[in-house]
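Pulled from TrEMBL:
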type     : residues : note
COMPBIAS : 1-10     : compositional bias 'Basic and acidic residues'
REGION   : 1-26     : region 'Disordered'
TRANSMEM : 37-58    : transmembrane segment
TRANSMEM : 70-91    : transmembrane segment
TRANSMEM : 103-124  : transmembrane segment
TRANSMEM : 160-180  : transmembrane segment
TRANSMEM : 186-207  : transmembrane segment
TRANSMEM : 262-284  : transmembrane segment
TRANSMEM : 304-323  : transmembrane segment
TRANSMEM : 360-378  : transmembrane segment
TRANSMEM : 384-403  : transmembrane segment
TRANSMEM : 415-437  : transmembrane segment
TRANSMEM : 443-464  : transmembrane segment
Amino acid sequence: STMRERKTTDPLHSTDPLHSSTDLSEGKEKLRLKQEVGLISGVSLIAGTMIGSGIFMSPEWVLHHMGNPASSLLIWAACGLLAVFGALSYAELGTIIKESGGEYIYILRIFGSFPAFLFAYTSVILVRPAGLAAVCLSFAEYAIAPFYPGCSSPQVAVKCAAAACILILTIINCLNVRLATSVMNIFTAAKLLALLVIVVGGLVLLANGQTQSFQNGFQGTTAGIGAVGVAFYQGLWSYDGWNNLNYVTEELKKPEVTLPRAVMIAIPLVTCLYLLVNVSYLAAMTPSELLSSGAVAVTWGDKVLGSWAWLISLSVALSTFGSSNGTFFSGGRVCYIAAREGHMPDILSMAHVRCLTPSPALLFTSAMSLIMIISGSFTSIVNFFSFMAWLFYGMTISGLLYLKIKKPELPRSYKVPIVIPIIVLMAAVYLVLAPIIDQPQIEILYIVLFIFSGIILYFPLVHFKCHPRFLQRVTLHLQLLLEVAPTTRDAN
């Protein structure tokens, strides 16, 4: 069938949890994705995806919503702490449910098929492609800016550059997992070097006495819960990617060790860099200058680096390309795992017979992102992306709390103190409800309606398995064309 039936026992309810054979019932040997992601690549995947365009663009918006430098720095620190707490909670989930797919597989194993389908439907069709398109558009803006000095770049050129970026990423990720992780490692090193340049520049400015922005730092702090929630959205956009390693658990070497270690290295490192970079921005600019800047990092470069300011534009382009690669790498896995569990067409669950990459899922993600790029810009995507993300993060964390309380006997190599997921769940509830209560927007209603529109597809296609016969032939032809075959999950 084109939407495969699950052949496995639910590992959370089996007599031998997480060690049962997954799909060897037919006695056939199937393909597996390679375990190519080690500790360094894991750290690069987390840090490389987190450090995108956000730290170069979001500081002005956090400052705008909070009203002063000191409280904006507190927001950045709180966002980092929340990302660490969320990632540690996910690390325990990753050692209980050793399957790729992130939130999707956790919601499926804990809450069942229907909510997992709604997540997959929303993520695969809208959230992941839109997020990838937005980051690629940011890359394109910086990449082609030097060709149009003194004026804004034409939208056609920007969209063509963004589309080219997606196509290059598709080729890289379809060819080889090791090639994709090597690209992540190289670009992560480049963007860390760029952030270190900004940090060192800021420390030099502070040593020379440029501390005016920090005097009366808390004066004029915004107190509204909605404004604080939106400021968190803007800050957390820069931290997005803290959960990316959970999407590729089956491709990790020793996931029970690599997952917690990579989290504890990558996220505190990024948090410290973000705080120091924000201090550097405020040392070089007054709050009013920072608020009026269209691109904070470029303004900083003009003020501090002078004729070398072009290095910042290059660094942002490299940073956003690396972040796009990480987003694409993990986003394709959600589509692949959802198809493997019967929630997407069967062709998307297959892997290339030689490259051992989930190329159909990657091609589908690429196609959806290209449609998003052609259809328009994504200036407001941050708030709505964050709303949907934290809605599902909250559901996933509540699942962890359920397992800790109701199923403490499940084997796990890492345990997070229960207070940490409780804090993350409270933060998720606040981030979902605060903007609705304080500043309700009609777009949020559209998002909720889109999520629940999945009901129309779920019952005929998944629950009752009503599949048109011609789709079987389409699947077979695509399988031959793309040279792909069904895969099995890693059952270690």
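Every residue, even glycine, has its Cβ placed from backbone N, Cα and C.
Where the transmembrane segment (70-91) meets the stretches 103-124, 304-323, 415-437, the count of C-beta pairs under 8 angstroms peaks at 415-437. Tertiary proximity for the transmembrane segment (443-464) is limited to same-chain residues at least six positions away from its ends with a CB under 8 Å from its CB atoms, namely 3, 113-114, 117-118, 121-122, 126, 342-343, 380, 384, 387-388, 435-436.
Residues 39, 42-43, 45-47, 50-51, 55, 59, 69, 72-73, 76-77, 79-81, 83-84, 87-88, 90-91, 192, 195-196, 198-199, 201-203, 205-206, 210-211, 213-214, 238-239, 242, 245, 290, 296-297, 300, 303-304 of the same chain lie 6+ residues outside the transmembrane segment (262-284) yet bring a C-beta within less than 8 angstroms of a C-beta in it. The transmembrane segment (304-323) makes contact with the transmembrane segment (186-207): 3 or more of their CB pairs lie within 8 A, with pairs spaced 6 or more apart in sequence. Across 103-124, 186-207, 384-403, the stretch most heavily in contact with the transmembrane segment (37-58), judged by Cβ pairs under 8 Å, is 186-207.
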